[in-house]
Amino acid sequence: VLIIAVLFLTACQLTTAETYSRGRQKHRARRSTDKNSKWTRECTRSGGACNSHDQCCANFCRKATSTCM
């Protein structure tokens, strides 16, 4: 009986969460697209100009010369 009650409550929560998130689906898709574009951005190769570590493919920017290592 306890197992049936747990399954019933889980099903109720899943149904409620699904109907609540339907209105937010457009925003969720846009957010994941933005996240993917950050992951697939271009990086500067070794010897190229940089201002911060995250611009370089190797994630290291030498501040003294402003070049990627």
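Glycine too: its Cβ is placed from the backbone N, Cα and C atoms.
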Disulphide bridge to C68 as given by Swiss-Prot, partner from C56, C57: C56
Cross-link partner of C61 (disulfide, per Swiss-Prot) out of C43, C50: C50
DSSP three-state assignment for C61 (disulfide bond): strand
Surrounding CB atoms that lie within 10 Å of the CB of C68 (disulfide bond), all protein chains: 21
Cβ neighbours within the same chain of C57 (disulfide bond) - under 8 Å, at least six residues apart: C43, T44, R45, S46, C68
